[in-house]
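Asker: Take this structure first; my questions come after.
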């Protein structure tokens, strides 16, 4: 990984790109990732209204069985086709299930086996939606791809080495901003992507869908991990990883129950632990404080802000900087002063980032205030103003 030169915060003052800023839309072909949801549907409408040559692509990323997931996928494809028919554009389909299994799902299982809590959506965006999809769209003659993500991007700029890139920016709707999930996508890929709904708030997106009588106008937003569907997470994971039950132990060493397997729990979790009333303990909620892999014990304690859940430092690795260049400031004695999120929708947290490797692919982060339930396997994502700098996988905390 290369390090940047002359880094300063002014480098992130480029304006957001609007559809009207793209020259010659009538000669510009855009392939939209059509998920069968309202956001991608409206993205296609907005691109069409702006005068682009628009086509759709439905991605099949998981080989479903004949159960609920299969029915949901078929419904999504039917809805995507109905929207494309309604607005008069072609819909292509592509099967990326093999790529998804190799690049995303196997990593997902390995992380759970190692006792961490991964976020497969981040890897899916990096490896599938902005790699496999982008590559496929290019074979269709696309100048850009587009998605229904609530995020924005800057105008393109050229790095010193000649690579054309763009900044990833927060979506205008703070409640829906998805830049956290896109932080691992390189700026060269962002430069080839349009985010039509990034400038809108969700109610406006639904209003546009209703105005155009789209079948997806009132469709419920999808939640959770795409390949799990409506199944219980525990039931799904048991199909692929053997459960290893063990003891539930209090923070002062008392065994008070049995857990079903450490992979089913995450730090800070309150519900679903299976602890009833405990003798000589107050009637207060119990929280997961630690997963002791060496002894296969789930450590629990009482108190939402238990000291074991609070930390002010973390180490992150596998850093993906959007610019594909680590900011020079992380190599300085002062470090990089910025904001961070250690989970989706967390309010910005002020911190300082220091390089922990020669190439900036590993960092130490010191927060101004203690953080609750920092979770290994999740991502720490960094921001300056509206711009998402990138992020990495949380390895440890203290």
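For all residues, glycine too, the Cβ spot is worked out from N, Cα and C.
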Asker: In Swiss-Prot, the ATP site includes 33, 34, 35, 36, 37, 38, 39, 40, 59. Which of 115, 141, 148, 162 does it also list there?
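Answerer: Checking 115, 141, 148, 162 against Swiss-Prot: the ATP site match is 148.
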Asker: Calculate the distance in Å between the alpha carbons (Cα) of residue 378 (site 'Interaction with tRNA') and residue 35 (ATP binding site), and round it to a whole number.
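Answerer: Answer for this pair: 25 Å between alpha carbons.
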Asker: Mind giving me a neighbour count for residue 33 (ATP binding site)? Other Cβ atoms within 10 Å of its Cβ, every protein chain shown.
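Answerer: Its Cβ shell of radius 10 Å holds 25 other Cβ atoms.
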Asker: Can you grab the distance from residue 149 (site 'Interaction with tRNA') over to residue 33 (ATP binding site)? Cα atoms, rounded to a whole Å.
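Answerer: With the alpha carbons as reference points, the distance is 10 Å.
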Asker: Between residue 39 (ATP binding site) and residue 124 (disulfide bond), how far is it from one CA atom to the other, in Å?
Answerer: 18
